[in-house]
Each structure stands twice: as C-alpha cells, then as structure tokens.
C-alpha cells in the first residue's frame, strides 16, 4: 500500500500528459487509408510464427522495450549511426530478436499502402498477434501512432526495467510510464514466452553473497534443484552460448504456467523472484498459479497491454511514418 500511495501522484501526472495523444488513437484508424492493414499483419505473422514458433516471445519483448523508452514510437528499431548509438545497441537490448520480421511485415504493408502504416503500429499489432498465435488472448488495438526520429542507447540503459530489479524499483519505473503494481505483475506474465541468455540471470547461480558473507553462493530465493539444472546449462556468468526457457516446458505457449514456476521459486530472473516479496504481487502470483483463473489472466493481460501500448505515443503531426523501420526518412 505504501508503494501505491507514493507512486499515485506520479502516475496521474504521466497519464494526464499523455491523455491528449492517446485520445487520437482509434480502433480502425486505417479503415479508409489501408483497410486490410490488420489482415496483412495477421497473415504475415501466421507465416512467421509457423516457421519459427520461438519468435513469439522476442516479438512481444521488442514491443515492451520500445514502449519503456520514449514511449511506443518504434525507436527501438532504429539503427545506430556514426554520430549516435541507438537503443538496440544498449546493453539490455543486445539480445533482442525479431527485427527482420518487423521489416518483413512493414514491407508487405508498404507494398499495399505506401507511407501509411507507422512502424510503431506495426510493432504493436505484431506483439498482439504473437500472443494470439501462441494461444493467448486477443485484444483490440487502437492505432494511429507515429514513428519517432530519435533513439538513444543511454536512455535505454537508464529507463528499461532491469531483470535484477526488486518490486519497489520496478514499481517506480512502471509508475513513470503510467502503469501500476497490477500491470507489473500481469505484464511479468509475458515471461511465459521465450528464452534468455545466461548473463541475464547467471549471477543468481554464481555471484550471490551467502549468509556468512562468502561470495559465489546460489541465490537463496531460487529453488536449489532448479538452480542445479541451470548451472549445468550455464557454466559461468559470461556464458553466452546457451539459452534457457523462461517458462520451462511451456515457453512457446501463452498461459499461466509462468506463475506456477514463480510460486515454486523457479522464476528465472531476480525480478521474477521479487514478485514473492510484495504482498500484492505475491497474491496475484499465487492466485494464477492455481491454474483456475486463466481467463482472468488473459483479460488482465489484454488490459495491461492496451495501457502499455498507449505510453508516450506520438500522434497527429508528431514524428513521421518511416518507409523503413530501421532508419528515419
């Protein structure tokens, strides 16, 4: 409750500042200028996920990482230049995948409706369809976002929620985007999809300080049997060769299995484990872990994705409609 009361004024300020832009997003925004836009995205996404089911998680992650830096403006897709290091080259984004799939879908849209559909809207639609194709929920996406022209690796490093974060830190970052504690625990459920490289979690296996002050212990918030399995895969903190499933046995399917893993102290990241150390997030984890409230989670996730997709959007005459998602016009 203390976290909520402290963060409420900040969240209200963020929401007030963005309300005018959000009001300009519309369901069916392209109904006259490109009526088949969503159909084109859906059909191309079906081909992409059929060929590579493991891409659902990375495409969803791309959207998250875009919206948390400069808002949902496709700035995460921009390439670095001689004079600027872009978001995609920031350390937290080094493992992002799916850029080629975004360009593929954008090319299809450009062929049908040149200069009409923004990369920001393309990425938002692709993330929704990735979830649907992974057997998750469908939600309507209001469109009309414009593309940003700036992208900063420094901003990405400073503003993205860290995988090592605890709930107070993560809640503060979420509140700065107009998202609350429930959004935090609900959107963490996206970790039901995808894999992670060892460096993002291996410090829990090798670099934790034990009760006696000795270094090199396993994080005590991590189930010991699960830790042993992870250590077999990840030989060191710097092992970049191996991937681990974020939701073992269900990493290609969108479901509540992630919460069962977290409840058993088998969340892969420190940020997953942290959900058990706050009463509000712990209650949600334990409720979803029963497997009896999948429909509720689907509804909650849809609502939180709609909120996140509205963060810091550019509309009207702001920004531009990029021809290629990796470079400004």
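Cβ coordinates come from backbone N, Cα and C, glycine included.
These features come from TrEMBL:
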| type | residues | note |
| --- | --- | --- |
| SIGNAL | 1-23 | signal peptide |
| DOMAIN | 24-329 | domain 'Plant heme peroxidase family profile' |
| SITE | 61 | site 'Transition state stabilizer' |
| ACT_SITE | 65 | active site, proton acceptor |
| BINDING | 66, 69, 71, 73, 75, 87 | Ca(2+) 1 binding site |
| BINDING | 161 | substrate binding site |
| BINDING | 191 | heme b binding site |
| BINDING | 192, 247, 255 | Ca(2+) 2 binding site |
Measuring CA to CA, name the entry from the binding-site residues 161, 191, 192, 247, 255 that ends up nearest residue 66 (Ca(2+) 1 binding site).
161
Ranked by the number of other Cβ atoms within 10 Å of their own Cβ, which of the binding-site residues 66, 73 ranks first?
66
What whole-number Å value do you get for the CA-CA distance of residue 87 (Ca(2+) 1 binding site) and residue 61 (site 'Transition state stabilizer')?
14
Measuring Cα to Cα, how many Å separate residue 75 (Ca(2+) 1 binding site) from residue 65 (active site, proton acceptor)?
9
Candidates 191, 192, 247 (binding-site residues) with Cα within 10 Å of residue 65 (active site, proton acceptor):
none
Alpha-carbon spacing, the residue listed as 'heme b binding site' to residue 247 (Ca(2+) 2 binding site), which is rounded to whole Å:
7
Any idea what the Cα distance is from residue 247 (Ca(2+) 2 binding site) over to residue 161 (substrate binding site), rounded to a whole Å?
19
Tell me the Cβ contacts of residue 61 (site 'Transition state stabilizer') under 8 Å, same chain only and six or more apart in sequence, or just say none.
96, 98, 190, 194
Please average pLDDT over the domain 'Plant heme peroxidase family profile' (24-329) for the predicted structure.
93
Rounded Cα separation (Å) that holds between residue 255 (Ca(2+) 2 binding site) and residue 73 (Ca(2+) 1 binding site):
28
Measuring Cα to Cα, how far is residue 73 (Ca(2+) 1 binding site) from the residue listed as 'substrate binding site' in Å?
18
Hey, of the recorded positions listed (65, 191), which one tops the CB count within 10 A?
191
